[in-house]
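Engineer: In case it helps, TrEMBL gives these features for our protein:
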type: DOMAIN; residues: A:52-82; note: domain '4Fe-4S ferredoxin-type'
type: BINDING; residues: A:CYS62, A:CYS65, A:CYS68, A:CYS111; note: [4Fe-4S] cluster 1 binding site
type: BINDING; residues: A:CYS72, A:CYS101, A:CYS104, A:CYS107; note: [4Fe-4S] cluster 2 binding site
type: DOMAIN; residues: A:92-121; note: domain '4Fe-4S ferredoxin-type'
type: REGION; residues: A:162-182; note: region 'Disordered'
Amino acid sequence: MLKPVWEQVKVLWSQVRTLGMVLAHTFSKKDTVEYPDTEPYMFPRWRGRIILSRDPDGEERCVACNLCAVACPVDCIALQKTEDEEGRWYPEFFRINFSRCIMCGFCEEACPTHAIQLTPDFEMAEYERQDMVWEKEHLLINGTGKYQDYNYYRVAGKSIGGKDKGEAQNEQPPVDRRSLLP
Amino acid sequence: MFDIEVGSALVMGLILGGVILISAWLIWLERRLLGVWQDRLGPNRVGPLGLGQVIADMFKIFTKEDWVPPFADKLVFMVAPPIIMICILLSFAVIPIAPNVGIIDLNIGLLWILAMASLAAYSVMLGGLASNNKYALLGSLRAAAQMVSYEVFMGISLLGVVMLSGTFNLREIVESQRDGWYILPQFFAFIVFAIASVAESHRLPFDLPEAEQEIVAGFHTEYSGMKFGMFFVGEYIGVLLASALMTVLFFGGWLPPFGIGPEDSIVAGIFWMLLKTMVFVCFFVLMRAAIPRPRYDQLMSYGWLVLLPLSLINLLITGAVILFQGA
(Lines of atoms letter the chains of each structure in order from A; the text may use other names.)
(Lines give C-alpha, C1' and ligand atoms only; values in the text may rest on other atoms or scores of the structure.)
Protein backbone atom coordinates (compact mmCIF):
# COMPACT_ATOMS: atom_id res chain seq x y z
CA MET A 1 0.00 0.00 0.00
CA LEU A 2 2.68 2.49 0.99
CA LYS A 3 5.19 1.51 -1.70
CA PRO A 4 3.55 3.36 -4.64
CA VAL A 5 3.12 6.43 -2.45
CA TRP A 6 6.80 6.29 -1.54
CA GLU A 7 7.65 5.96 -5.25
CA GLN A 8 5.66 9.09 -6.03
CA VAL A 9 7.37 10.99 -3.25
CA LYS A 10 10.73 9.97 -4.66
CA VAL A 11 9.69 11.09 -8.18
CA LEU A 12 8.47 14.42 -6.83
CA TRP A 13 11.67 14.90 -4.82
CA SER A 14 13.72 14.24 -7.93
CA GLN A 15 11.86 16.99 -9.79
CA VAL A 16 12.23 19.43 -6.90
CA ARG A 17 15.95 18.67 -6.71
CA THR A 18 16.24 19.34 -10.45
CA LEU A 19 14.57 22.70 -9.99
CA GLY A 20 16.98 23.56 -7.20
CA MET A 21 20.02 22.59 -9.21
CA VAL A 22 18.91 24.66 -12.18
CA LEU A 23 18.09 27.58 -9.88
CA ALA A 24 21.63 27.38 -8.51
CA HIS A 25 22.85 28.21 -12.01
CA THR A 26 21.62 31.76 -11.45
CA PHE A 27 24.94 32.43 -9.77
CA SER A 28 27.24 30.50 -12.07
CA LYS A 29 29.53 32.19 -14.55
CA LYS A 30 28.07 32.72 -18.00
CA ASP A 31 29.75 30.89 -20.86
CA THR A 32 28.82 33.49 -23.45
CA VAL A 33 31.62 35.52 -25.00
CA GLU A 34 30.05 38.73 -26.32
CA TYR A 35 32.08 38.47 -29.49
CA PRO A 36 32.14 41.82 -31.25
CA ASP A 37 32.61 43.58 -27.91
CA THR A 38 35.11 41.19 -26.37
CA GLU A 39 37.41 39.30 -28.70
CA PRO A 40 37.87 35.68 -27.78
CA TYR A 41 41.41 34.33 -27.51
CA MET A 42 42.28 32.69 -30.82
CA PHE A 43 44.74 29.86 -30.63
CA PRO A 44 47.86 30.17 -32.82
CA ARG A 45 47.08 26.95 -34.67
CA TRP A 46 43.47 27.99 -35.38
CA ARG A 47 42.58 27.26 -38.99
CA GLY A 48 41.39 30.58 -40.35
CA ARG A 49 42.28 32.90 -43.23
CA ILE A 50 45.01 31.49 -45.49
CA ILE A 51 48.21 33.44 -46.12
CA LEU A 52 51.35 32.94 -48.19
CA SER A 53 54.51 33.53 -46.14
CA ARG A 54 58.00 34.66 -47.11
CA ASP A 55 61.30 33.09 -46.12
CA PRO A 56 63.67 34.88 -43.70
CA ASP A 57 65.35 36.64 -46.67
CA GLY A 58 62.05 38.15 -47.71
CA GLU A 59 61.54 36.05 -50.82
CA GLU A 60 58.35 34.16 -51.60
CA ARG A 61 58.39 30.70 -50.09
CA CYS A 62 55.92 29.22 -52.55
CA VAL A 63 57.59 27.13 -55.21
CA ALA A 64 54.37 26.57 -57.16
CA CYS A 65 54.50 22.79 -56.74
CA ASN A 66 50.67 22.57 -56.91
CA LEU A 67 50.50 20.14 -53.98
CA CYS A 68 48.12 22.44 -52.11
CA ALA A 69 45.82 22.67 -55.10
CA VAL A 70 45.85 18.87 -55.37
CA ALA A 71 45.18 18.41 -51.67
CA CYS A 72 42.37 20.92 -51.60
CA PRO A 73 39.08 18.97 -51.25
CA VAL A 74 36.99 21.82 -52.67
CA ASP A 75 39.38 22.89 -55.42
CA CYS A 76 39.52 26.47 -54.26
CA ILE A 77 43.23 27.01 -54.97
CA ALA A 78 44.45 27.88 -58.48
CA LEU A 79 48.04 28.73 -59.39
CA GLN A 80 50.47 28.74 -62.28
CA LYS A 81 54.18 28.00 -61.97
CA THR A 82 56.81 30.25 -63.45
CA GLU A 83 60.57 30.69 -62.99
CA ASP A 84 62.77 33.74 -62.46
CA GLU A 85 66.20 34.30 -64.06
CA GLU A 86 67.98 32.77 -61.05
CA GLY A 87 66.12 29.52 -61.49
CA ARG A 88 63.78 29.95 -58.51
CA TRP A 89 60.28 28.68 -59.03
CA TYR A 90 57.42 30.89 -57.94
CA PRO A 91 53.71 31.17 -58.77
CA GLU A 92 52.82 33.46 -61.63
CA PHE A 93 49.41 33.82 -60.08
CA PHE A 94 48.03 32.31 -56.90
CA ARG A 95 44.32 32.53 -56.32
CA ILE A 96 42.21 31.25 -53.43
CA ASN A 97 38.44 31.37 -53.69
CA PHE A 98 37.46 31.84 -50.05
CA SER A 99 33.80 31.43 -50.83
CA ARG A 100 34.64 27.77 -51.41
CA CYS A 101 37.39 27.32 -48.86
CA ILE A 102 36.37 25.16 -45.91
CA MET A 103 39.45 25.98 -43.80
CA CYS A 104 40.40 22.32 -43.56
CA GLY A 105 44.13 23.05 -43.51
CA PHE A 106 45.03 20.24 -45.93
CA CYS A 107 46.94 22.76 -48.09
CA GLU A 108 49.09 23.72 -45.12
CA GLU A 109 49.81 20.07 -44.41
CA ALA A 110 50.62 19.38 -48.04
CA CYS A 111 52.95 22.35 -48.49
CA PRO A 112 56.60 21.20 -48.62
CA THR A 113 58.00 24.71 -48.05
CA HIS A 114 55.77 26.05 -45.23
CA ALA A 115 54.62 28.70 -47.69
CA ILE A 116 50.84 28.37 -47.31
CA GLN A 117 49.67 28.74 -43.74
CA LEU A 118 46.38 29.21 -41.92
CA THR A 119 46.01 32.06 -39.44
CA PRO A 120 43.70 32.77 -36.47
CA ASP A 121 41.78 35.40 -38.43
CA PHE A 122 38.21 34.47 -39.29
CA GLU A 123 36.50 37.81 -39.96
CA MET A 124 36.27 37.44 -43.71
CA ALA A 125 32.72 38.43 -44.55
CA GLU A 126 32.25 40.45 -47.77
CA TYR A 127 29.23 42.00 -49.45
CA GLU A 128 30.31 41.04 -52.98
CA ARG A 129 30.98 37.42 -53.76
CA GLN A 130 33.80 38.37 -56.11
CA ASP A 131 35.59 40.00 -53.17
CA MET A 132 36.00 36.55 -51.67
CA VAL A 133 38.51 35.63 -54.39
CA TRP A 134 41.96 36.57 -53.17
CA GLU A 135 44.95 36.96 -55.47
CA LYS A 136 48.60 36.55 -54.60
CA GLU A 137 49.12 40.18 -53.65
CA HIS A 138 46.31 39.84 -51.10
CA LEU A 139 47.60 36.56 -49.74
CA LEU A 140 51.29 37.34 -49.42
CA ILE A 141 52.45 38.64 -46.07
CA ASN A 142 55.80 40.22 -45.23
CA GLY A 143 56.74 37.72 -42.54
CA THR A 144 57.61 34.09 -42.08
CA GLY A 145 54.41 33.06 -40.32
CA LYS A 146 54.67 30.15 -37.93
CA TYR A 147 58.07 28.81 -39.14
CA GLN A 148 60.61 31.55 -38.68
CA ASP A 149 63.93 30.00 -39.69
CA TYR A 150 62.95 27.82 -42.59
CA ASN A 151 64.25 28.74 -46.01
CA TYR A 152 63.58 26.13 -48.67
CA TYR A 153 66.23 27.19 -51.14
CA ARG A 154 68.91 27.21 -48.42
CA VAL A 155 68.31 23.61 -47.46
CA ALA A 156 67.25 22.15 -50.80
CA GLY A 157 69.68 20.65 -53.28
CA LYS A 158 68.31 22.59 -56.24
CA SER A 159 70.83 25.01 -57.74
CA ILE A 160 69.74 28.58 -58.12
CA GLY A 161 71.64 31.75 -58.85
CA GLY A 162 74.29 32.34 -56.16
CA LYS A 163 73.98 28.82 -54.74
CA ASP A 164 75.16 25.85 -56.67
CA LYS A 165 74.67 22.16 -55.97
CA GLY A 166 76.35 21.05 -52.76
CA GLU A 167 76.30 24.46 -51.19
CA ALA A 168 73.07 24.09 -49.27
CA GLN A 169 72.98 23.66 -45.51
CA ASN A 170 73.91 20.14 -44.34
CA GLU A 171 74.55 19.12 -47.93
CA GLN A 172 77.58 17.14 -49.02
CA PRO A 173 79.35 18.28 -52.18
CA PRO A 174 77.94 16.36 -55.11
CA VAL A 175 79.68 13.09 -55.94
CA ASP A 176 82.20 13.41 -58.77
CA ARG A 177 81.29 10.40 -60.85
CA ARG A 178 84.58 10.49 -62.77
CA SER A 179 86.62 10.18 -59.57
CA LEU A 180 84.87 6.98 -58.54
CA LEU A 181 87.53 4.52 -59.46
CA PRO A 182 87.11 0.83 -58.75
CA MET B 1 -15.84 58.49 -15.46
CA PHE B 2 -12.15 58.40 -14.59
CA ASP B 3 -12.38 57.11 -11.05
CA ILE B 4 -10.80 54.05 -9.52
CA GLU B 5 -13.51 51.55 -8.84
CA VAL B 6 -14.39 48.08 -10.05
CA GLY B 7 -15.53 48.24 -13.64
CA SER B 8 -14.73 51.88 -14.42
CA ALA B 9 -13.47 52.59 -17.92
CA LEU B 10 -10.05 53.73 -16.70
CA VAL B 11 -9.46 50.58 -14.70
CA MET B 12 -10.66 48.37 -17.53
CA GLY B 13 -8.37 50.07 -20.02
CA LEU B 14 -5.39 49.92 -17.70
CA ILE B 15 -5.93 46.24 -16.93
CA LEU B 16 -6.36 45.29 -20.58
CA GLY B 17 -3.32 47.28 -21.68
CA GLY B 18 -1.27 46.13 -18.71
CA VAL B 19 -2.07 42.46 -19.25
CA ILE B 20 -1.19 42.59 -22.94
CA LEU B 21 2.00 44.61 -22.40
CA ILE B 22 3.19 42.47 -19.50
CA SER B 23 2.53 39.25 -21.36
CA ALA B 24 4.39 40.57 -24.41
CA TRP B 25 7.40 41.36 -22.27
CA LEU B 26 7.10 37.97 -20.61
CA ILE B 27 8.63 36.66 -23.84
CA TRP B 28 11.69 38.78 -23.11
CA LEU B 29 11.66 37.80 -19.43
CA GLU B 30 11.46 34.13 -20.29
CA ARG B 31 14.31 34.30 -22.79
CA ARG B 32 16.54 36.21 -20.38
CA LEU B 33 15.74 33.86 -17.49
CA LEU B 34 16.27 30.76 -19.60
CA GLY B 35 19.59 32.30 -20.58
CA VAL B 36 20.53 32.85 -16.96
CA TRP B 37 19.70 29.28 -16.02
CA GLN B 38 21.48 27.82 -19.01
CA ASP B 39 24.64 29.88 -18.34
CA ARG B 40 23.94 32.14 -21.32
CA LEU B 41 22.96 35.78 -21.54
CA GLY B 42 19.80 35.70 -23.63
CA PRO B 43 18.74 38.58 -25.88
CA ASN B 44 20.57 41.70 -24.69
CA ARG B 45 21.28 43.61 -27.89
CA VAL B 46 18.11 45.47 -28.85
CA GLY B 47 17.68 48.44 -26.56
CA PRO B 48 18.56 48.53 -22.85
CA LEU B 49 18.85 44.98 -21.46
CA GLY B 50 17.43 43.72 -24.74
CA LEU B 51 13.96 45.02 -23.87
CA GLY B 52 13.46 46.16 -27.46
CA GLN B 53 13.65 42.57 -28.66
CA VAL B 54 9.90 42.23 -28.18
CA ILE B 55 9.22 45.25 -30.40
CA ALA B 56 11.59 43.95 -33.04
CA ASP B 57 9.92 40.54 -32.97
CA MET B 58 6.55 42.22 -33.21
CA PHE B 59 7.62 44.10 -36.33
CA LYS B 60 8.91 40.86 -37.79
CA ILE B 61 5.75 38.92 -37.09
CA PHE B 62 3.51 41.68 -38.50
CA THR B 63 5.45 41.88 -41.75
CA LYS B 64 5.53 38.13 -42.30
CA GLU B 65 3.37 36.45 -44.86
CA ASP B 66 0.16 35.27 -43.25
CA TRP B 67 -0.26 32.04 -45.14
CA VAL B 68 -3.40 29.92 -45.06
CA PRO B 69 -2.63 26.49 -46.45
CA PRO B 70 -4.92 25.54 -49.35
CA PHE B 71 -5.67 22.14 -47.80
CA ALA B 72 -6.84 23.63 -44.48
CA ASP B 73 -10.38 24.12 -43.30
CA LYS B 74 -10.24 27.87 -43.87
CA LEU B 75 -12.96 29.14 -41.52
CA VAL B 76 -11.92 27.08 -38.50
CA PHE B 77 -8.28 27.75 -39.28
CA MET B 78 -8.89 31.49 -39.10
CA VAL B 79 -11.16 31.34 -36.05
CA ALA B 80 -8.99 29.14 -33.85
CA PRO B 81 -6.19 31.58 -32.87
CA PRO B 82 -8.41 34.43 -31.64
CA ILE B 83 -10.34 32.00 -29.43
CA ILE B 84 -7.36 31.40 -27.13
CA MET B 85 -6.58 35.14 -26.90
CA ILE B 86 -10.18 36.14 -26.25
CA CYS B 87 -10.92 33.41 -23.74
CA ILE B 88 -7.85 34.05 -21.65
CA LEU B 89 -8.28 37.82 -21.80
CA LEU B 90 -11.91 37.36 -20.71
CA SER B 91 -10.69 35.33 -17.74
CA PHE B 92 -8.81 38.39 -16.52
CA ALA B 93 -12.12 40.17 -16.08
CA VAL B 94 -12.75 38.46 -12.75
CA ILE B 95 -9.21 38.65 -11.36
CA PRO B 96 -9.10 41.17 -8.49
CA ILE B 97 -5.89 43.19 -8.84
CA ALA B 98 -6.19 45.41 -5.75
CA PRO B 99 -8.93 46.91 -3.60
CA ASN B 100 -11.35 48.60 -6.01
CA VAL B 101 -9.23 47.55 -8.99
CA GLY B 102 -10.78 44.92 -11.18
CA ILE B 103 -13.14 44.66 -14.10
CA ILE B 104 -16.09 42.84 -12.59
CA ASP B 105 -17.01 41.22 -9.31
CA LEU B 106 -18.69 38.11 -10.59
CA ASN B 107 -20.22 35.91 -7.93
CA ILE B 108 -19.23 32.88 -10.01
CA GLY B 109 -15.73 34.21 -10.79
CA LEU B 110 -13.89 30.95 -10.27
CA LEU B 111 -16.37 29.01 -12.40
CA TRP B 112 -16.04 31.68 -15.10
CA ILE B 113 -12.28 31.17 -15.19
CA LEU B 114 -12.62 27.38 -15.34
CA ALA B 115 -15.13 27.70 -18.17
CA MET B 116 -12.96 30.09 -20.13
CA ALA B 117 -9.92 27.87 -19.63
CA SER B 118 -11.86 24.92 -21.04
CA LEU B 119 -12.92 26.99 -24.03
CA ALA B 120 -9.33 28.06 -24.64
CA ALA B 121 -8.40 24.40 -24.94
CA TYR B 122 -10.77 24.20 -27.92
CA SER B 123 -8.64 26.76 -29.72
CA VAL B 124 -5.68 24.41 -29.66
CA MET B 125 -7.77 21.41 -30.71
CA LEU B 126 -9.56 23.24 -33.52
CA GLY B 127 -6.37 24.83 -34.79
CA GLY B 128 -4.69 21.46 -35.03
CA LEU B 129 -7.67 19.76 -36.65
CA ALA B 130 -8.28 22.52 -39.19
CA SER B 131 -4.64 22.54 -40.29
CA ASN B 132 -5.16 19.17 -41.97
CA ASN B 133 -1.58 18.26 -41.22
CA LYS B 134 -0.58 15.03 -39.50
CA TYR B 135 1.69 16.69 -36.96
CA ALA B 136 -0.93 19.29 -36.17
CA LEU B 137 -3.46 16.48 -35.80
CA LEU B 138 -1.16 14.62 -33.41
CA GLY B 139 -0.75 17.84 -31.46
CA SER B 140 -4.43 18.48 -31.12
CA LEU B 141 -5.00 14.82 -30.26
CA ARG B 142 -2.58 15.26 -27.41
CA ALA B 143 -4.27 18.51 -26.44
CA ALA B 144 -7.57 16.64 -26.14
CA ALA B 145 -5.98 13.83 -24.14
CA GLN B 146 -4.30 16.35 -21.88
CA MET B 147 -7.48 18.32 -21.42
CA VAL B 148 -9.54 15.36 -20.23
CA SER B 149 -6.83 14.47 -17.76
CA TYR B 150 -6.13 17.83 -16.14
CA GLU B 151 -9.44 19.66 -16.17
CA VAL B 152 -11.01 17.25 -13.70
CA PHE B 153 -8.51 17.57 -10.91
CA MET B 154 -7.97 21.25 -11.58
CA GLY B 155 -11.58 21.94 -10.73
CA ILE B 156 -11.59 19.61 -7.74
CA SER B 157 -8.39 21.07 -6.32
CA LEU B 158 -9.96 24.53 -6.26
CA LEU B 159 -13.02 23.30 -4.34
CA GLY B 160 -11.03 23.26 -1.10
CA VAL B 161 -10.45 26.98 -1.38
CA VAL B 162 -14.09 27.53 -2.23
CA MET B 163 -15.16 25.52 0.83
CA LEU B 164 -12.87 27.46 3.15
CA SER B 165 -13.96 30.85 1.88
CA GLY B 166 -17.55 29.90 1.17
CA THR B 167 -17.71 31.80 -2.10
CA PHE B 168 -16.81 31.60 -5.79
CA ASN B 169 -16.18 35.34 -5.88
CA LEU B 170 -12.42 35.86 -6.25
CA ARG B 171 -12.47 39.23 -4.48
CA GLU B 172 -14.18 37.68 -1.48
CA ILE B 173 -11.73 34.79 -1.59
CA VAL B 174 -8.88 37.30 -1.24
CA GLU B 175 -10.72 39.11 1.55
CA SER B 176 -11.21 35.85 3.42
CA GLN B 177 -7.42 35.31 3.45
CA ARG B 178 -6.77 38.23 5.80
CA ASP B 179 -6.27 35.82 8.74
CA GLY B 180 -3.96 33.56 6.77
CA TRP B 181 -3.27 32.59 3.21
CA TYR B 182 -4.74 29.36 1.89
CA ILE B 183 -1.31 28.01 0.95
CA LEU B 184 -1.01 26.49 4.44
CA PRO B 185 -4.37 24.70 4.80
CA GLN B 186 -4.57 23.94 1.07
CA PHE B 187 -0.95 23.04 0.36
CA PHE B 188 -1.72 19.89 -1.64
CA ALA B 189 -4.46 21.69 -3.53
CA PHE B 190 -1.86 24.28 -4.47
CA ILE B 191 0.55 21.61 -5.75
CA VAL B 192 -2.18 19.97 -7.80
CA PHE B 193 -3.41 23.29 -9.13
CA ALA B 194 0.11 24.41 -10.04
CA ILE B 195 0.67 21.23 -12.04
CA ALA B 196 -2.75 21.54 -13.67
CA SER B 197 -2.17 25.15 -14.63
CA VAL B 198 1.11 24.26 -16.29
CA ALA B 199 -0.79 21.71 -18.35
CA GLU B 200 -3.55 24.26 -18.91
CA SER B 201 -1.21 26.83 -20.43
CA HIS B 202 0.59 24.18 -22.53
CA ARG B 203 3.98 25.01 -21.10
CA LEU B 204 6.94 22.78 -20.60
CA PRO B 205 7.08 20.24 -19.02
CA PHE B 206 3.50 19.67 -20.26
CA ASP B 207 3.75 21.26 -23.71
CA LEU B 208 2.79 17.97 -25.33
CA PRO B 209 0.54 19.57 -27.97
CA GLU B 210 3.59 21.51 -29.22
CA ALA B 211 6.51 19.20 -28.41
CA GLU B 212 8.77 20.64 -31.08
CA GLN B 213 11.30 17.83 -30.64
CA GLU B 214 8.70 15.23 -31.59
CA ILE B 215 5.94 16.69 -33.76
CA VAL B 216 7.46 19.77 -35.47
CA ALA B 217 5.43 22.49 -33.75
CA GLY B 218 2.35 20.46 -32.91
CA PHE B 219 -0.97 22.19 -33.33
CA HIS B 220 0.48 25.42 -34.78
CA THR B 221 2.70 23.76 -37.37
CA GLU B 222 0.79 25.39 -40.24
CA TYR B 223 0.34 28.78 -38.62
CA SER B 224 2.38 31.80 -39.58
CA GLY B 225 2.37 35.55 -39.17
CA MET B 226 -0.04 37.10 -36.72
CA LYS B 227 -2.11 33.93 -36.33
CA PHE B 228 0.93 32.20 -34.90
CA GLY B 229 1.55 35.38 -32.90
CA MET B 230 -1.85 35.05 -31.30
CA PHE B 231 -1.16 31.47 -30.19
CA PHE B 232 2.21 32.62 -28.92
CA VAL B 233 0.96 35.64 -26.97
CA GLY B 234 -2.05 33.62 -25.83
CA GLU B 235 0.33 31.16 -24.21
CA TYR B 236 2.04 33.95 -22.30
CA ILE B 237 -1.24 35.53 -21.24
CA GLY B 238 -2.16 32.05 -20.04
CA VAL B 239 1.00 31.94 -17.94
CA LEU B 240 0.15 35.34 -16.49
CA LEU B 241 -3.40 34.22 -15.79
CA ALA B 242 -2.30 31.02 -14.08
CA SER B 243 0.21 32.94 -11.96
CA ALA B 244 -2.37 35.57 -11.03
CA LEU B 245 -4.83 32.84 -10.15
CA MET B 246 -2.34 31.06 -7.91
CA THR B 247 -1.65 34.37 -6.21
CA VAL B 248 -5.31 35.16 -5.70
CA LEU B 249 -6.38 31.71 -4.55
CA PHE B 250 -3.47 30.62 -2.39
CA PHE B 251 -1.20 33.58 -1.68
CA GLY B 252 -3.61 36.26 -0.59
CA GLY B 253 -3.87 38.30 -3.76
CA TRP B 254 -3.05 41.92 -3.01
CA LEU B 255 -2.70 41.34 0.75
CA PRO B 256 0.84 42.10 1.94
CA PRO B 257 2.83 39.21 3.45
CA PHE B 258 3.27 39.30 7.25
CA GLY B 259 1.25 42.53 7.39
CA ILE B 260 4.02 44.66 5.89
CA GLY B 261 2.77 48.11 4.97
CA PRO B 262 -0.79 49.29 4.44
CA GLU B 263 -3.43 46.62 3.83
CA ASP B 264 -5.99 48.46 1.74
CA SER B 265 -3.90 50.86 -0.29
CA ILE B 266 -4.40 50.53 -4.04
CA VAL B 267 -0.75 51.17 -4.93
CA ALA B 268 0.59 48.71 -2.38
CA GLY B 269 -2.07 46.22 -3.46
CA ILE B 270 -1.03 46.43 -7.11
CA PHE B 271 2.61 46.14 -6.06
CA TRP B 272 2.11 42.99 -3.99
CA MET B 273 -0.17 41.43 -6.61
CA LEU B 274 2.36 42.06 -9.37
CA LEU B 275 5.28 40.89 -7.26
CA LYS B 276 3.62 37.63 -6.28
CA THR B 277 2.43 37.02 -9.83
CA MET B 278 5.90 37.63 -11.22
CA VAL B 279 7.42 35.17 -8.76
CA PHE B 280 5.09 32.51 -10.14
CA VAL B 281 5.88 33.52 -13.71
CA CYS B 282 9.57 33.03 -12.92
CA PHE B 283 8.69 29.66 -11.43
CA PHE B 284 6.96 28.72 -14.69
CA VAL B 285 10.14 29.62 -16.56
CA LEU B 286 12.26 27.69 -14.08
CA MET B 287 10.14 24.61 -14.69
CA ARG B 288 10.64 25.05 -18.41
CA ALA B 289 14.39 25.33 -17.89
CA ALA B 290 14.66 22.30 -15.62
CA ILE B 291 12.09 19.58 -16.12
CA PRO B 292 11.93 17.25 -19.13
CA ARG B 293 8.67 16.53 -20.90
CA PRO B 294 6.84 13.29 -20.01
CA ARG B 295 5.19 11.05 -22.57
CA TYR B 296 1.53 11.87 -22.86
CA ASP B 297 0.37 8.54 -21.53
CA GLN B 298 2.58 9.25 -18.52
CA LEU B 299 0.92 12.64 -18.08
CA MET B 300 -2.53 11.03 -18.31
CA SER B 301 -1.81 8.23 -15.89
CA TYR B 302 -0.13 10.69 -13.52
CA GLY B 303 -3.19 12.88 -13.68
CA TRP B 304 -5.75 10.14 -13.17
CA LEU B 305 -3.85 7.89 -10.75
CA VAL B 306 -1.98 10.39 -8.59
CA LEU B 307 -3.30 13.93 -8.83
CA LEU B 308 -7.02 13.11 -9.00
CA PRO B 309 -6.94 10.91 -5.85
CA LEU B 310 -4.74 13.49 -4.14
CA SER B 311 -7.16 16.30 -4.83
CA LEU B 312 -10.12 14.12 -3.80
CA ILE B 313 -8.43 13.24 -0.50
CA ASN B 314 -7.64 16.92 0.02
CA LEU B 315 -11.28 17.77 -0.62
CA LEU B 316 -12.42 15.07 1.80
CA ILE B 317 -10.10 16.18 4.59
CA THR B 318 -10.92 19.85 4.10
CA GLY B 319 -14.60 19.06 4.25
CA ALA B 320 -14.14 16.95 7.39
CA VAL B 321 -12.17 19.70 9.11
CA ILE B 322 -14.76 22.34 8.23
CA LEU B 323 -17.53 20.07 9.46
CA PHE B 324 -15.63 19.37 12.68
CA GLN B 325 -14.95 23.05 13.29
CA GLY B 326 -18.51 24.02 12.49
CA ALA B 327 -19.98 21.39 14.78
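Every residue gets a Cβ built from N, Cα and C, even glycine.
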Engineer: Determine which residues of the same chain, besides A:CYS62, A:CYS65, A:CYS68, A:CYS111, have their CB within 8 A of the center of the CB atoms at the recorded [4Fe-4S] cluster 1 site, and list them by sequence.
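Structural biologist: My list of surrounding residues reads A:VAL63, A:ALA64, A:ASN66, A:LEU67, A:CYS107, A:ALA110, A:PRO112, A:THR113, A:ALA115, A:ILE116.
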Engineer: According to DSSP, does A:CYS62 ([4Fe-4S] cluster 1 binding site) sit in a helix, a strand, or coil?
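Structural biologist: Its secondary structure by DSSP: coil.
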Engineer: Could you check the binding-site residues A:CYS68, A:CYS101, A:CYS104, A:CYS107, A:CYS111 and say which one's CB has the fewest neighbouring CB atoms inside 10 Å?
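Structural biologist: Among the binding-site residues A:CYS68, A:CYS101, A:CYS104, A:CYS107, A:CYS111, the sparsest Cβ neighbourhood within 10 Å belongs to A:CYS104.
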Engineer: Of A:CYS62, A:CYS65, A:CYS72, the binding-site residues given in the record, which has the fewest other CB atoms within 10 A of its CB?
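Structural biologist: Relative to the other binding-site residues in A:CYS62, A:CYS65, A:CYS72, A:CYS65 has the fewest Cβ atoms within 10 Å.
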Engineer: Specify the nearest of the binding-site residues A:CYS62, A:CYS68, A:CYS111 to A:CYS101 ([4Fe-4S] cluster 2 binding site), where nearness means the distance between Cα atoms.
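Structural biologist: When the Cα distances are compared, A:CYS68 comes out closest.
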Engineer: Taking the centroid of the Cβ atoms of A:CYS72, A:CYS101, A:CYS104, A:CYS107 as the [4Fe-4S] cluster 2 site, which other residues of that chain lie with their Cβ within 8 Å of it, listed in sequence order?
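Structural biologist: Same chain, not in A:CYS72, A:CYS101, A:CYS104, A:CYS107, Cβ within 8 Å: A:ILE50, A:CYS68, A:ALA71, A:PRO73, A:VAL74, A:CYS76, A:ILE77, A:ILE102, A:MET103, A:GLY105, A:PHE106.
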Engineer: At the Cα level, what's the spacing in Å between A:CYS68 ([4Fe-4S] cluster 1 binding site) and A:CYS107 ([4Fe-4S] cluster 2 binding site), rounded?
Structural biologist: 4
Engineer: Within the domain '4Fe-4S ferredoxin-type' (A:52-82), count helix residues (DSSP H, G, I), strand residues (E, B) and coil residues, in that order.
Structural biologist: 5 helix, 9 strand, 17 coil
Engineer: When secondary structure is assigned with DSSP, how many helix, strand and coil residues does the domain '4Fe-4S ferredoxin-type' (A:92-121) contain?
Structural biologist: 5 helix, 9 strand, 16 coil
Engineer: How many Å lie between the Cα of A:CYS72 ([4Fe-4S] cluster 2 binding site) and the Cα of A:CYS111 ([4Fe-4S] cluster 1 binding site)?
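Structural biologist: Roughly 11 Å, rounded to the nearest whole number.
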Engineer: Just to verify a number: CA distance, A:CYS111 ([4Fe-4S] cluster 1 binding site) to A:CYS104 ([4Fe-4S] cluster 2 binding site), in angstrom, no decimals.
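Structural biologist: A:CYS104 ([4Fe-4S] cluster 2 binding site) has its Cα 13 Å from the Cα of A:CYS111 ([4Fe-4S] cluster 1 binding site).
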